[in-house]
Structures are given as structure tokens and as C-alpha cells.
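Visitor: Here's the feature list from TrEMBL:
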- A:1-77: region 'Disordered' (REGION)
- A:37-64: compositional bias 'Basic residues' (COMPBIAS)
- A:65-77: compositional bias 'Basic and acidic residues' (COMPBIAS)
- A:119-302: domain 'Brix' (DOMAIN)
Amino acid sequence: EKEVKTRPGRWTGGQADSSSQGAAFPPTFSLSEVKNKQRRHLMFMKLKQEKRKQKMQLKKKRRKEREALGDKAPPKEVPKTIENQRVYDETTVDPEDEEVAFDEGTDEFSAYFNRLTNPKVLITTSDRPRGRTVRFCEQLATVIPDAHVYYRRGLALKRIIPQCVARGFTYLMVINEDRKVPNGMVLCHLPDGPTAHFKVSSVRLRKEMKRRGKDPTMHSPEVILNNFSTRLGHTIGRLFAALFPHDPQFVGRQVATFHNQRDFVFFRFHRYIFKNEKKVGIQELGPRFTLKLRSLQKGTFDSKFGEYEWVLKRHEMDACRRKFQL
Amino acid sequence: MRFTPQVLIFGARCHVHLLSGTCFQQLILVCVCVCVCVCVCVSPQVIWDIIGNKQFCSFKVKTKSQNFCRNEFNLTGLCNRSACPLANSQYATIREEKGQCFLYMKVIERAAFPAKMWEKVKLSKNYEKALEQIDENLIYWPRFIRHKCKQRFTKITQYLIRMRKLVLKRQRKLVPLSRKVERREKRKEEKALIAAQLDNAIEKELLERLKQGTYGDIYNFPVHAFDKALEQQDEESESESEAEEEEEEDDEDVGRREFVAEDEVEESDLSDFEESSEEEEEEEEEMEVETKAKAKAKAKASGSKGKSPAGGSAARRKRAYVEIEYEQETQPAAKSTAT
């Protein structure tokens, strides 16, 4: 009789291998070395399942321990967020800092905060604005009381500014447009105040808002400024605050919010109603947009010879994810 | 085609053996191409014949209606017999470099020296003086060239003036956007928006303002808020004072764990046991005095913080008053003994 030699054929060999693979891997084996895509995929899925199982087991164990300990259990760990891990900024303002208080009492906004001037805003655009920008300006003018929109007839800002000062304006706001969409804002405090240049993004006009309310009325809104913690943040916060009249009319129940989160300033305009002392309902009216500060210049608008207090330097400032300026 | 005798001779002498069998025109062309730079004998007329209409000129730009000349020394910019710098042996131009105007002149005597062919004269910055300079340099030159030079010079000065004016006006600066950076920022903005939880933040802020009373008397329900706040504070202070009492007792006397309420009972007992109870009374009263003082101080402190309004402090005092009631019964005795 013939001797049937059972030579390990391709398939059997493979199976033998797979059975042995479960047991012994060379220590430097990595999943990416397997050339066969299907098998690699399978192995990876198995690995993931294993990991998930271990994680669930760990979680269960921890939960059991926590229940067993009851009151003596260690407090729950707070998850790390970017706000938690924020690099401490040395210019963070301490609420009781006298130097800061003194500075703020004598800076360019002190006239407003001492109730000597009332805000009057001039809103304009860059050359030849398109419909979206024009509508945005109009809506801004309804949000900010005592705001006037003027068409920019190719005039130079340096020429406009003395005329504005002569007519008693306190703010000049220029919305810059690119490709039919507003994308920049220059906010200049007029008598001789700082000029801030922002990048504007995510502009939503009134008719694009869902579940919005009726148009804002002529009452002065309240202002909420959140999370402006550093010196620079304080300056910008005061810049925004001085846009609105001192005394909000609570009858109108309108509130304008400038919320700073990770150097993005979100602007929202709401109407609120107190249902009871624990609940308040808010309804968004008005445009919404996001601002990111690009530069802050001392003095009125002068891009060539102006003195810049702060300029966004991307390579320095965006290198660390946990470092913020405002 | 008219050929000048020199060319014929040259061609006949030098090139016949090379180009045997080719036609006569090609022969002439080769001669001209080879010789036009080197040999003075090629006349401008010949050159124009070649490059003007018949053959290729690398400076010529042809459009539907007109031909332009891209040669930088061209006076008018058009491709004409009179304006072609190659086809005129005596030629002049005005050229401008960094705001300075120069008059360039070419004469036939220097046609053999291409490096020194163009004579460059700097013109004065004064318009009239420059015109006089042009006149004086181009005296006895053809009228066409003089006229065109002056015209060109005028145009150049005008555009220089306009350049200087424009610099003073608004200048548009184009800032390039990096696509990667924009994409990254967009994503960061989205994440920041999610982290901000704007609605919650706004609601919280509004409720805080309501609690602090910035809205005054507009809304009616704040009363409940104050009552609730009161109750909360009472509970807090109760627990605080109890904790302090406990601490004091632990500090002073380990055995003593007596609260104010219980003293009444013991006082009645004390009346039975006078001697031993007196000391106890004193100590208890001391404790009571101290705790009363502490409670009073706390009430004052909380009152001064201003967290609870006037109504709150009234309730506070009410509570303290209750304690005093108990103590007043024994106070006359305490005054005599404790002090």
C-alpha cells in the first residue's frame, strides 16, 4: 500500500498556524505586520473586543468598590477638560487687584464707566458690500441702541474718524467683507480709544434662526460678559460693554451676551422671561456671530504707524492647546 | 525684391558653396541673419523688409486690428516702419527706472558696437528743463522721433505723479488665508461652542442677577426666593453653631455634651441639688454665654454680609431671641456668679 504522507498542505498549514498563533507570538509582533487584510482586520477586532471587555470589568470592579465603601468612598474624579487644564496665565486679573482697578479707572473707557458719555455707534462696511453684509449691518443696528448704518463710499477710515468724533460718535464699527460674506470687524473706540480687529465667523442672520422670536424692540438690552479673565480679556470686555447704554431697560427683557470660550467670543441676543424664581426661559432673537481677536491697537485706527498692544502670532500662541489669551 | 549689391556679393562669395541648390531667397535670408548683427552693410530697409511683414520678428505681437512691438526700446509700442528700433539706425527713446527718466539714443556710427549702442542721458526732474534737454540732445533729429519722445516723457511723468498720489490714499492689503489653519480654527470654534453651553450659562447668569436683586421689584416671586434662602441659611447656621458647640464642649470638658434645651431639665434638677449643681450651672452658663455670643456674632456676620435682606435678619434675631429667653431665666443668677 502506498504510504499516505500527510504533508501539511497550504490550508492545513494555515490552520495549524492560526491555532498556534493564539498561543505564541514573537514579542515584537505588531498587528500591522500581517499582510492579509481580512485576517488583520479580524485580529484587530478581536483585540478591540478584548480591550473593551477589560475596560468594562475594570469599571464594574470600581463601581462595586465604590458601593461597598459607601460614604467613605473617595470622591469621584473630575474628568480633565481643556478649561481645567488651562495653562495659568500670569495676566489673569485678581478681583481685588488694586492696580488693575486703578488702571481701569483711568483708561479710555473710564469716561463711559463714569457715566460721562453715552454710546453712539457708527456701523459701516468695506467697499461695495453685498446683500448679506448689508443685512447683517442692519440687524446689528437694531440690536445696538443708538447705532447708525452708513454706506462707505470708498472713503478712507482715517478721514472718517475725525468727522465721527466731531459728530459725537463713540464707536466706529467696520464690517469687512470677503466673497459676499462678512468675515472681519474693526471696532474702534472713538475719542482716542483702542482699535480691535476681529475675525468674524458663523454669522447667522435673523431669518436663519430656528424658533426665533419677534424682532427686538427699542429697549436697551442688558449685557452679559462671561469668562473674560486676563488683562486683555478685561480690556475687550469693557470694549464690548461700552457699546451699550448704561441703564438697561428691564421692561424690554432683552439680553446681549458676549461669552468667551477658548478665545472665541460668542455673541447672542435673547429675550428672557422668568417663569418662577428657579426657571428662566430664553428665546433667541437677533443675529449671532463669533469673534476671534486678531489684534488690539492703541489709539484710533492706524494700521501703518499704530502701536499694537497685542497681535495674534499664530506660531507662538497656537502651539499649545491649553493656552488662551482672553 | 530689391537687393543691395553688397548682400549679393557677400552671398555669392561666401555661401554659394554651402547652399548649392537652395533658392535665392533662402540664401539671402541666411546672409541677413548671419550678418545683420555683425556687418554694417545691412541697411535698415532690408531689416524692415524682413521683419516688418514677411518674416518672423520675436518682438511683434499680432492682434486682429494692430501689431504691437514688445521691444523695450520702442518709442510708441506699435510695430511700424518709423517706430521699430531694429529697423531704424538712428533712434531715440525715453525710459524710466525707479522714478528717474532717461533719454536713450542710438546712432548709426555705433551700430558696430552693440555694447555701446545706446547712449543714456539722465533727464532732470523738472518737467520743462527735461523737455529742453530732450530738445537739445535731439537737435537736428527727425521731427517724428523728437515729438514722440516728448509725448512719451509727458506720459511717464504723469503716471509717476499718479503713483505717488495713490500711495497716500487707501491701499488694499490682501492677506492670504491658509486653508489648513482655517479648517483647524473652524473645528476649534465648534468645540468651543459645545464646551460653552451658552444657554445654560445665560440662564444661570440671569437667575443669579435675579437673586441678587438687580431687577428690583419688577418680579413678584422673589419673596419665595428670599424665604427659601432664609431657610437655607438658618439650617446652615444651626448646623454650624451645633458643630461649634460640640467642638467647644470637646475642648473644654470631655464629659459635657449638654445642649441648651436640655439645660432646662437640668435646671429643675439643679434646684434639687444646689451645691453640686452650682458649679455645673456656672459652667453651663458660661458655655451658654459663649455659645450665645457666638450665635449673636454669627448672626451679625451673616447680616452684615448682606446676603439675606432685612427680612432675613429679622428672622435671625427672632431665633436668637428664643435662645435668650431660656437664658434670661437663669441670667440673674449667672450675672452674680459668673462675673
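In case you wondered, yes, glycine gets a Cβ from its N, Cα and C as well.
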Visitor: As a quick check of your reading of DSSP, tell me how many residues in the compositional bias 'Basic and acidic residues' (A:65-77) are helical, how many are strand and how many are coil.
Guide: 8 helix, 0 strand, 5 coil
Visitor: Let's see if you can do this one: DSSP helix, strand and coil counts over the compositional bias 'Basic residues' (A:37-64), in that order.
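Guide: Going through the compositional bias 'Basic residues' (A:37-64) residue by residue, I get 28 helix, 0 strand, 0 coil.
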Visitor: Mean pLDDT for the domain 'Brix' (A:119-302), rounded to an integer?
Guide: 91
